[in-house]
Each structure stands twice: as C-alpha cells, then as structure tokens.
C-alpha cells in the first residue's frame, strides 16, 4: 500500500501540521488532509515520494512543476542562497534540516562583483532540482534582500514545498541511505531519475575557457567540475590569474604555476577524460602544485590509482570535523559529497585528513611531490572559514618551487597539548545566588566535578551555597571534600594550605571565583603553594576583565571594538565622553552581569552612574554607545591543541542597550546572512585564540542592522549564564567539555555524550529553535523601576523549544509566568495598564513588560515600521508576533462549532495553548482539550540530539511540538514523573532544584525509571544525564497531561519543585493523574488559609486570631477588633507574594487590592500580628500521618521578616524546651490531620512558652537542603521513599521522639540580596521576600558560624567607621550593642538625636547631618560624603513604622548599597554581629565535615 504522510502547515509563514496517533516504526499509515488558505493565493499541494514508497504531503512555495532526483539532506544552520546555488547539488532534491527557511528573503540575484561573478551566489543560478523544508517564512527581512525566497524559486522554475517533517525525512535517509525521490504535483506524474548515472560534472562545467584576474602574477588553471564562485574569488584575491577550463579540457600541455580541480556533483568516476588528464600530470615530470577540492579529491585519488565508493550516508552540512593526520589539528568544515575514496591509496600517496566522526577519507597528499587534495570545501560559502588557509598553503607551494610537499607549508599548530598531571583539583563555586550569578554555576560546577571524577582526579569544592546540588557531600557525582566557606582570597588560601591541591579551576564559579583567582595570583599564593590554574590562564582572564588590557589585546589583531577609554577617575571619564561624544556606554572592570554599567545620554547621567560604578571598582570603560544595533553571542570552545569550535550562536531579540541577561534570546540566530554569521564566527575564533582562552568562553558582538559593521562588546573567559543556555539549547555539555579540556585532553578525543558515537569536536546543528525569556520580580521591590538596560535585573529565565519562532516564543512566555497565556497585550498577574499609558514611550524605553506593550501596539494596529523605529527589534520577529495576534483575532470570530480542524491545528503549531484558545472560543480549557483530541490534534515528542538527526542518537533529551509527523522515541518505560521548579524567581530558587535532583537520584537508585519536566536552563535537574527522560517543557496542566498520558507514567511527584508544581496538584488529580504522596485534596485544604486555620481551631492548635475576608469592610472590622498591626496573607502563593504587615487603615486598602489580584480565586486571611515573637521552622517528612523525620531551626530575626529573608540557626539557640515540645506536638497533630505522606514545612511564632502556628506547606521548603546537609539526613530521599511506598529504616532518622541535634557545631543560613542591581529599591526587609539566594556556614559556636555566613554573602567587616541610625523605640535595647562596637575600636557616627543620646550614655559618637539637611549646619558632616570617601564602611539603619525621617533613612540605605558598603537593617542581626565581632576575633576555615569527623571521633 502507498504510505502517505500529511505535511505540517505553519501559519502566515505558510505552515500547517497534523498530529496523529502513535506511529509504528514501519510507518504504515495513510493520511491525507486538505490544506488551508493562508495567503492571497491558496498554496498548491504536492508530495515528496521516495523510492521506498514513503509519500509525504506538502505545500508549494516554489515553481509548481514536478521533478525527480536524489533526495539528500543538509544540516547547515544558514546560508540557503549559497547552498541552493552550489553546483554540487545538481540533480538533487535538497532537504533543509533548519526548521525555518526564507527569513532573509533572497538577495539581488543579478548583482555582479568586480570579477563579473554573481555577487551573492555560488554559480549562475539555483542548482538544486527541488527544495523541501518544514517551515517557509514568506515574510522576510534583511538589508540585502530584494525578494522572497519563493519568488526567486519561481523565477528559476525550481519546485519547493514546505510542511514536510524534515527531521523524519532525514532519519529515513540516514537509516536507509540516500535514495531517489520526486516532488509531484497533481496531474504531473514523473518517473524516478537516478542522477548518479549521468555525468553531472559535464552538465555544470563551463563550456569555454574563461580568465579571471587577468594580469595577476600567478597563473592557475582551474578545472571546472562544478566550481563555486568563491574558489575563483579566493584565488584571484591571492594574486592568481585564473584560467577556468571545462572538465574535459586537455590542460596537460598548458603552462601554469598551479593546477586546481574543484567541484562538484554526481559520481566522479564518470568523468573519465578528466581522470586520464590528471593521471598524465601525476605520472609526468611536472612538479607544479596540484590542489583538489571536493570532487577534485576523488578525481586525484582515482587518477593516482585509488578507488571510490558511494557513501551510505553522504556528508552534507557545515559542521563536519576533520583531523589533519600529520599534526592532529582539527577543523570544522563545510561538506557536500556522496562519494569518497577508500583506503586503497597506492605507494607514494597517503591520507592527509580524516573525518573525525565516520573516519572517511577527507584528503590525500603525495609524499614527495606538491600534490594534495581535500574532500571538504575550504572555500566554504556557506560554512565556517577554518580551512581557507589551504589556499595560502597552495600559493606557498607555488612560490617555494618544485619538489616541495604540502606538509612543509601547512601552518604548524600553535600549541601541542599534553595531559595536565594533577591529582587533586580545587573548584571554586560562585556562592549564593544573586542577580547576574544564579543557578547556572551549580550546573557548571556539578559538570566539572563529574568530569574530574571520570578522569580519576580528586576534587575539593569550595562553595557556601548550601542549596546547591554540587555541595552534596555524598553521592557518585559529588566532590571528595566540600567546604562551606566564603569565596575570598583569605579563606581560599586557608583551604589551599589544608588540602594542598595541585590544580585550580576558576571558570565554574562565575565572577566571584574569577576575581578571587586573579587576586590569589597577584598575591603570589598560587605560586607559593604550587597550584596550577587549569584551563584559561590568569593572565588571559585579566586580559578579558581589565578593560584597557582587553582593548589593547584586540587592537593587536586589528579587531573592531567600540571607540573607548579605560579610566580610573570621574574627571577622566568626563574627558573621555567629550572625546567620543554622547551618548556613551560605561562598563565596570571585573563586574558581573553589567553591574556598574549604563547608557549615558548626557554629562549628568554619566556623573551619576560613574560615581556609583567607581564605588564598586577602580576602573571603568567609557565607550561609544551602539544602542539599537543587533546583539549576537557566540559560545566558543578551544582546547590546548588550538582546536576551536563555536558551539552555539545566539541572537538577542532586544537590540543593544538591554543586557543580554534581560533580553529575549533565540538560538540559533534567525536574521543573519551566511556572510554575517561566518564573519562573526571567524572573529570569535581569532579573538579566543589571541587571548589564549583554553576551555569555554562567551563573546558578544554588536552588529549594525543594515551593514557588515560590527564591534566586539566583551569576552567572558568563563562559564556564564549564556553558556548554560547554550548547553541546554544545543545538548552540548559545555562545562563538562571545558573541564576535560582543562586537563589537557584535546577535543577530538572527547566523545559527544549525546550521540554516544561522534566526537565533541563539532558544532551542533539544530533542527528546532530555542527562545529564552528572562524572569523579573521587580514588583517586589518598592521604588524600583520596571525599566531595563545594560545592568542586569532579571532573577531567572526560561528556555522553550519549538520548531517555529512563534511556538517557542509563546511557550517561553507561559513558562515565565503561569498567569500569562502567551503573546498577549495583557500584563502578567492580571495587572492593568495605567490609564495614562504612553504606548510609544513604553516601546522606546525597554522594560520588563515591553513584550506585552508590543502586543498592545499590534492590537492597536500600530505599523511594524513604527514599532521597529521605537524598539530597534528586527522586523522579522515582529512579523511573527503579528501572525500570533492575527490568529488570536481569527479564533475570536469562531466558536466550537465553526472552528475547523485546520485552524485549530494551525493555532497549536504557532504555540497557542488550550487555555489561550478556550478564551478565544468561549470554552473552558477542558472543553478545548476535548475538542482538540476529538479532532486528533496532539503534539509530537522530538529529541535534541546535537546533530539534527544526522546520526542515530541515544539521547533522552526531549521536547514537545505540534510541528511534526512522528515521535522520535518509544514510550515503553512508564516512569515516575517528577516536576521541577520552573524559572528561578524570588522565593523559588536553587533549593527547589536540589529537592528535585535528590528525588530523581533516589528514584534511580531504587531502580525506578524517571520522567522529569522542567523549563529552567540554569538547573541541574535539566541535565539530561540526571534522569531517564528529560522533557524541557512547560509546567502547565496541558503539557503535563500530554506527557503523562503519552508516557503512561506510574505516578507524578509534585512536592519537590516549589509552588508552581504544587499548584498543579488538584487540577492534575482531577484529570486522572496519580499524585504520589500526600493527597492533593489535603494539599488544597492546607493551601487555603481559611480552611487551614479552621482545622487548627478544631485540633486546638494555637494560632493568632484570624479571619478570612472577602471585602474591605470585613478586613477593617477585624483589624479594629484585634488592633493593628495585622498580617495580610493570600492563599496559594510562594515567598510571601502580596503578604504584608498592615499598620493602618490606608495601608489595609492598598495592600488588600494587591493581595486580591495575586490570588483572585481564594479569600485573603487576616491575622493579628504578634510583635516581638521569634519565628521557628519545622521541616519534616510524614508517613501516613506520622512524622518520621524532622528538623527545627530558629530565625535570628523577630517575626515580620519573611522566612526566606531570615537568618536561620540550627540547632535552635534561644527557644525553651517547653516551647520546642509544643512545636513538636502541633506538628504531630497537623501531620495526622492532613494524613501527610511526604515533605512538609510548618512555621511557628514563639514568644516565651507561647507557640502559635503561622502556616503549613505540604511540600518541600527552601530550607530542606540546609537541614538535610546539617543533620546528615537527606529529607527528600526519605520523602521520596515514603511517596513511592518504599520501606524505610526509621531507626537512623530524626523522629520527633529521637531528634538529631548537633552538639559540636552550629549551622547558620544567611540570605543573599541583590540590592546594588535594583536601582532605587529600598533595601529593607518586609514580609514579602526579597533575597535572591542563600549561603550557610558552620562553626563551633553561633558567632563563628554567623561571621562566616555573613562574609559568604559579600558582607565586609568594617575597618573604620560605623554609621548608626535607629528609631527611638530601639534605644533601650541598642545601647549595649553600641558599647560593644565602640569597645571593638570602631569610630561611631550617628544622626544628631542619636548621637546626643549615645554621648549622654558614654558612647562616643560623631554627629552627622540627615541627607535632607546637608549644608544647613556647617559643623555636621555629610553622610553621603563620609560613605563615599570610605570613612564609614558599615551602616546600621533601624527604622520602624513610626520613623519621621522616612525618606532620609531610605537615602542613607540606598547610598550604602550603591557605594558597596555593608548595611544592617535588623536589630537582632545587628546584635548578633556585635557579639560575633567581640567574641570571634579570628574565624577558622573549618567546614561541616571537620565537625562531623570530630563528633564521630568523640562517639568512637
């Protein structure tokens, strides 16, 4: 029977796709569906028919004529105009693996260069017989484009169809070998034709002799076997007078300085006249150099006496790695051949190059004569230019004269690597998460440890981030020793002394590790202790970090950077700006995430930003602003053998002026021509080589949108956020490979772990596209603008994978915010646009909501040209965004009866969710899902394999798409699903990734198959070797159900990923998903604060007076009855979103409005706020209502500070035993009442012996990693075993009856804040969480542990003066603290009233003026001046709600933060700090394992 596959169709870009039931490997089905009208003229249907009977339907965008030929595929990521005009494709129907073709339109096909050759093409026209693509972009945009790709194909009468699952087609060709095929239109039947039986070389060769570069000194005869124009250009450029002769021309009697044979298509063995002519040359006495390219390699080999064969799988693409056998140098090459030489080379000849992947011949050379040939294309176009140097070698042979061999003129390798002999390596982590330095370093550090262990190298890890996976002390993938200590030169030196490592890795710990390593180098510590920095040298790091050195280095190789000056004073900065001209950009040296950077349109802005920058660094760069240019990034890997690959290139949708961490980013780049792509790639490689990078680095470019002008912005000589994104986008494990390279292992010897077969020395091909969208939480920070710029503000990000931009873009928007349906003019969290919205300003000034403003502008019919003018976003992206809104409008005009299958399918293919569609059609989400499934529309599961299906893959790295026709995998494992945490944001950070990874690892240790779903590229849980199947997908009801049912999972764990998966518990349960652990109905009861409080009353468990309120009047009545302050809490939220302590009626009105918006479906609970109480955390694991593991930790701060911002102590330090017993008893009752089986957390207020419950979360909490590591019991391991019904030995667990309480050490967990990045935010703690990360350290007592933890957050112990500003009510308690600080030798400053009070109580203090009163009293110094000149290096600012000087206190806090000065705003923390400084004069470098060893020794 005939096998027919209906093609995918995709919106305006002419696409449409159809999902089908599970397919069998035999592909025995027959589907046929009508196309839909998308353009003004309905696209004609056509079929691609293969000789094995496979028939796939598509839609025409070329010439509507049938054609037959050989079907081949190309995995290149760009350069389709060059590829289509490559004569080597003569007679072939080309399948493009790149999922979107036509973005850049077609260039001027009549334009000629100075040689008379077609300027933008590789021959005189399109040479492919036909073209097959998945998605065709009819809307195009490029400054060189003159028409669409479809118009060009029609002009040249070449058929082309879109809507074919090209990945599926590639797999058929890969598995069965290249095969004959035909594109057939109805009524135009054609027979199969085998072009390999034709002498295609004769068809494409010139018919006459032609001369190019007439008068040039070197005469080169070029035999045209289908030569590409670029070969001629490169020869003339080097001084050749090129005589282009037909393939059968007798050149044996011609005089020449060099002979070149290049091409071409078909079977070279059919070109017998040419082979005989070459044979005459080889056997004659002629010694002029001969250079063969592609077909020329086989022609030369056949002439020499070797044999050729047709390859089962041709090499066609732009990422083929070849190895020079003579010197082990590897190169990435462009290839296009289906025949190869075998290993029958005669005497006198030997191989020159070999393919690293399939070991086929890639070049030959004569051992004594100047004859050589290569199978790949050194002239490229399209493709990488790595081997263009072979043309130089050819000319060197010509100049050297006769009798020279190619090896004598090939460039020698710059480096020859040797294995770095190290036995123990110290890896520096990045510390707690902060804006600009987040969870990506947990991922990279974990990969580095894994790589070292594979090579039998011992590892010592130093990282105080206790929530990270890498700091686990037990496990096959963990370091041999873990130090929870500050990443500072002092502590690293102590660890080096104690551990005596012989190697040090700096590139896996972000800017923190890099800066620390540079300082250790400068101090001579590394030299003193014989520690080698592995990978990139410190000198190279300094050259990338020091702005002047960086500029000098690039000038050495004449590379393009923006005109700039590195300055070390504000005066010089102003002079530099005057020289360059405004606007200018400033950047700080040794800074992270654009900290200390900004665009300065004028002198005033420069003074403001420059002053703040100099507070953080001693050097800034003032450079020309390239705002509005495109921002392009490359991730480059270089080994110690000087082999270089560019693993991924990425394009920022937002133009220059927005930090890449705050930009929407796509991979691969979508709007670059081949010339632009390769220009920037070549520059990347040159720069990385010149800087001496060994390992991985990121290079960022600004590219002019309408010319080839570019400049280098910066190089990061380390793993970065972009590196993590590139790793997850491509499947190429950059950190793992970089760690191997650091040991001196060359790239060709490292395996590609995804394919399991090929080498890591390659550049991934993507047959999908990725969109990254940042996650901001700017609303949490009072006073912070939503504007974004060159200094990063986002706290996390998501990555979505699709096969159209629209699909991945809409998925990413939903991943970022569960409240967002897709690309829509509605703001996240259902917020309203302001009534006085200035839409043009919203577009021209980038902000965290600009993407929604673009949707609003499109909805308002603003022209694309106007949006381009205001945003500088490439028009191609805006076309796609417009297509989404057009579909939205179409759907809104339909209902469930009138919506056709084609329209519904098209909506799904461009990323519409069921929920999104339901709102348009007036249905529920469940009804839309039912409608979709009824129409047999469902998604397909595809693999990320790094190779665009070119090689069979063992990968378990998956995504879901509606743009396909088959699944890539089988679904026969029925694993347990684990839901990850989604994007990092305030309140959900790396601790939930730790929980997910712990659960996954436990399941695998128990022999259970795992299916993980997450969408965060910074996580370890999205490392594909952590689980059995990884779905990089949305954490939405729709997508989880899709995957759960497709995989037929045995259950789903939702309690280890934080609030996002927890919120899905009830909806999943109602849709038949088996939720492991505590019943979702119980979770719902606990999450609804009013129900939970009612249950506590029934249990007679004490809590503060409370009331669930639905109206403002109810809230005001309750507050008046119990008295202010009150605590206002919405339900189903994480990290205290919209939670506030309310002190007045006005605040109640304001906060209640916000709370109802955050949690609209649930009532808000008001509780009487208990002042002066201490908060206690109970982290526990329940088993069928019994508590089998628990840990009790105490907050340093009194209640009122969110638990995520609190400083935790374990064991408790001030809580009475009586209160602890009450905490345990309440926990016991709650566990039983809610029948808890799994992890949970209860928060209590303790005041004396009174214990009140605050709230309970029936899921893992952010303190689980902290308590697990401190007590040495993995609570998530225990919880996972409970949830799946595994038996547990409870004797070793910290039960309520037999707690584990450390007696020889104290653990302190401290929060990390990112205030310097959040310009204008008030750095003070409230009920709503503000911290971005956490650290933990250990000490024999609370004081040493506390100081280590504070130092780990970047806190600097003051050396000079302390500014004290306290509200009057704090005075009685604060006097003792002030005395302690004075006795420790600190000079105290205070505002007038506080100063008078301190002096009156015999504590000397210098009075200073409030900021608002500066200059009024000449005898009072300016606080801001004292802070900025370093006289004050700690600010203690303790206001409360009754403070009069609200704004002054804010200015003081903000000045401290902006000046890089330590700031304390909580009395209890200040008190503990004063005690710690007094009692711990020195801080040791002991960590957890030291204390554990001591405890074990005592017990023994």
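Even glycines carry a Cβ here, placed using N, Cα and C.
Source: prediction; values computed, not measured.
Taken from Swiss-Prot, the feature transit peptide covers 1-38.
What Swiss-Prot lists as region 'Anthranilate phosphoribosyltransferase homolog' is 39-218.
Mean pLDDT for the domain 'Glutamine amidotransferase type-1' (219-404) in this predicted model: 94. Swiss-Prot lists 219-404 with the feature domain 'Glutamine amidotransferase type-1'.
Secondary structure from DSSP puts residue 310 (N6-acetyllysine) in a beta strand. Among the features that Swiss-Prot reports, N6-acetyllysine is placed at 310 (among others), with the record citing a large-scale study or a structure entry.
Residue 458 (N6-succinyllysine) falls within a strand segment according to DSSP. The N6-succinyllysine feature in Swiss-Prot is assigned to 458 (among others).
DSSP gives residue 537 (O-linked glycosylation site) a coil state; it is part of no helix or strand. Summarising the annotation, Swiss-Prot assigns O-linked glycosylation site to 537 (among others).
Marked as domain 'ATP-grasp 1' by Swiss-Prot: 551-743.
Its Cβ placed at the centre, residue 575 (N6-acetyllysine) has 14 other Cβ atoms within 10 Å. Reduced to three states, the DSSP call for residue 575 (N6-acetyllysine) is helix. Annotation comment: Swiss-Prot describes 575 (among others) as N6-acetyllysine, evidence class a large-scale study or a structure entry.
DSSP assigns residue 612 (N6-acetyllysine) to a helical segment in the three-state reduction. Residues or ranges marked as N6-acetyllysine by Swiss-Prot on the basis of a large-scale study or a structure entry: 612 (among others).
The feature N6-acetyllysine is assigned by Swiss-Prot to 757 (among others). Residue density at residue 757 (N6-acetyllysine): 14 other Cβ atoms are found within 10 A of its Cβ, drawing on all protein chains shown.
According to Swiss-Prot, the N6-acetyllysine annotation covers 772 (among others), on the basis of a large-scale study or a structure entry. For residue 772 (N6-acetyllysine), the same-chain residues that are 6 or more apart in sequence and have a Cβ closer than 8 Å to its Cβ are 664, 665, 666, 667, 725, 729, 797, 798, 799, 800, 812, 1017.
Taken from Swiss-Prot, the feature N6-acetyllysine applies to 831 (among others), supported by a large-scale study or a structure entry.
The N6-succinyllysine feature in Swiss-Prot is assigned to 840 (among others). Sequence-distant neighbours of residue 840 (N6-succinyllysine) (same chain, 6+ apart, CB under 8 A from its CB) are 870. The DSSP secondary structure for residue 840 (N6-succinyllysine) is helix.
Residues within less than 8 Å, Cβ to Cβ, of residue 935 (N6-acetyllysine) and separated from it by at least 6 positions along the same chain comprise 901, 904, 905. The secondary structure of residue 935 (N6-acetyllysine), as reduced to three states from DSSP, is coil rather than helix or strand. Annotation comment: Swiss-Prot describes 935 (among others) as N6-acetyllysine.
Residues annotated as domain 'ATP-grasp 2' in Swiss-Prot: 1093-1284.
Feature annotation from Swiss-Prot assigns N6-acetyllysine to 1232 (among others); the stated evidence is a large-scale study or a structure entry. In the three-state DSSP reading, residue 1232 (N6-acetyllysine) counts as helix.
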| said: Rounded to a whole angstrom, what is the C-alpha distance between residue 1332 (O-linked glycosylation site) and residue 1394 (N-acetyl-L-glutamate binding site)? | reply: 33
| task | Report the same-chain neighbours of residue 612 (N6-acetyllysine): residues 6+ apart in sequence with Cβ closer than 8 Å to its Cβ, ordered by sequence. | result | 596, 1458, 1459
| request: Please work out whether the domain 'ATP-grasp 1' (551-743) lies in contact with the domain 'Glutamine amidotransferase type-1' (219-404), by counting C-beta pairs under 8 angstroms that are 6 or more apart in sequence and asking whether there are at least 3. | output: yes
| request: Kindly assign residue 757 (N6-acetyllysine) to one of the three DSSP-derived states: helix, strand or coil. | output: coil
| query | Considering all pairs of residues in 1391, 1394, 1410, 1437, 1440, 1449, annotated in the record as contacting N-acetyl-L-glutamate, what is the maximal C-alpha distance expressed in whole angstrom? | reply | 17
| For residue 1391 (N-acetyl-L-glutamate binding site), what is the secondary structure by DSSP, using just helix, strand and coil? | strand
| message | Highest Cβ count within 10 Å among the recorded positions 1331, 1332, 1394, 1437, 1440: which residue is it? | response | 1332
| task | Given the modified residues 310, 575, 757, 831, state which is nearest to residue 1440 (N-acetyl-L-glutamate binding site) when distance is taken between Cα atoms. | result | 831
| Where does residue 1410 (N-acetyl-L-glutamate binding site) sit in the DSSP three-state scheme? | coil
| Tell me which residues of the chain lie with their Cβ under 8 angstroms from that of residue 310 (N6-acetyllysine), as long as they are six or more apart in sequence? | 196, 267, 338, 339
| request: For residue 575 (N6-acetyllysine) and residue 1410 (N-acetyl-L-glutamate binding site), determine the Cα separation and express it in whole Å. | output: 33
| note | The binding-site residues listed are 1394, 1410, 1437; by CA-CA distance, the one closest to residue 1232 (N6-acetyllysine) is 1437
| Could you give the number of helix, strand and coil residues in the domain 'MGS-like' (1355-1500) as assigned by DSSP? | 72 helix, 27 strand, 47 coil
| said: Distance check, please: Cα of residue 1437 (N-acetyl-L-glutamate binding site) against Cα of residue 1360 (N6-succinyllysine), rounded to an integer number of angstrom. | reply: 17
